[in-house]
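Worksheet for the structure shown next.
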Amino acid sequence: MAVRKPPITTREYWAPGHAACAGCGCAIALKLATKAFSEAMEEKYGDPNAFAIAQATGCMEVVSAVFPYTAWKVPWIHVAFENAAAAASGVEAAWKKLGIKGKILAIGGDGGTADIGLQALSGMLERGHNVVYLMYDNEAYMNTGIQRSSSTPYGAWTTTSPPGKYSIGEDRPKKWVALIAAAHQIPYAATASIGNPFDLVKKVKKAAKVDGPAFIQVHCTCPTGWRTPLEKGVEIARLAIETGMWPLFEIENGDIWNIKIQPPGGGAKVYKEGGRVVRIEFKKPIEEYLKYQGRFKHLFKRPEAIEELRNQIKAMWKVLGVEAILPRPEE
């Protein structure tokens, strides 16, 4: 009988027994990312363990390293909320001086990356350190009480952007850190999602193999902060892709005129010119994504807010060079 090879290594670097919430999308992301990283290290250096992790304070740090226990099965250092990129830069410089072959993986959430860690990240990218920075994006400061971050999407409820008579919730557009990273002319910048795990694995391996800095912004569902059913995390993340709320793209060597777009699926029609995606007609409205999430429930009483969100998503796709056609539920 033929034996099928697993699509990814069975080695574990993010071990079971951590304290993440049931249904945590970020835990899925880190499990897949560390497996993919080890495969890349084995292919590049002949050693699957040729990497170390520098991790910022945040959800995934808190749940993985409650002293004296840890879920990490790889050299790992916990640093402050804002300086995972700086610490990773130092480790990388030390490895280079000592002649150690391998790569550093820096990990931070959206608060520790898009907000208070942005300066350290920019410095790491600009200096050209051989580090992959993985931003797990659950779109708020979930660890400290579901406060809004600059990565929180427009209209979302958080404890610091509550909807009410004079508020629709978060009133700022989402910050796309992957585009900021790409502006540093680094070898590789991308977005990924637990809604497309094979794409996530492929991009982590690609980032790990480049010489120089790389950045990946990974969309992760959060049942606690998003007020979603525990069992629907991957399905909801997939809906974000299929409705246009979360684009999957990659930018190599800062070439923003040649952004590679991963087709969203979900029945969307994709049009290309010269091999480049220029137009996507989405079949599913963004309401299909919003309706599962308690953080957006108030928007269904404010159709003008949903329309504003739809316009912001179109504008984001325009930045990527793509005309996005986003249907309404009645269409």
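Along the chain as shown, the residues are counted starting at 1.
Backbone N, Cα and C atoms are what each Cβ position is placed from, and that goes for glycine too.
Features as listed in Swiss-Prot:
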type	residues	note
BINDING	CYS21, CYS24, CYS59, CYS222	[4Fe-4S] cluster binding site
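Feature map: annotations from Swiss-Prot on the structure.
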{"residue": "CYS21", "record": "[4Fe-4S] cluster binding site", "CB count, 10 Å": "16"}
{"residue": "CYS24", "record": "[4Fe-4S] cluster binding site", "CB count, 10 Å": "26"}
{"residue": "CYS59", "record": "[4Fe-4S] cluster binding site", "CB count, 10 Å": "25"}
{"residue": "CYS222", "record": "[4Fe-4S] cluster binding site", "CB count, 10 Å": "24"}
In three-state DSSP terms, the structure that CYS59 ([4Fe-4S] cluster binding site) belongs to: helix
For CYS24 ([4Fe-4S] cluster binding site), the three-state class that DSSP assigns: coil
Cβ-centroid neighbourhood (8 Å) of the [4Fe-4S] cluster site, CYS21, CYS24, CYS59, CYS222 excluded: ALA20, GLY23, GLY25, CYS26, ALA27, VAL63, ASN138, MET142, CYS220, PRO223, THR224, GLY225
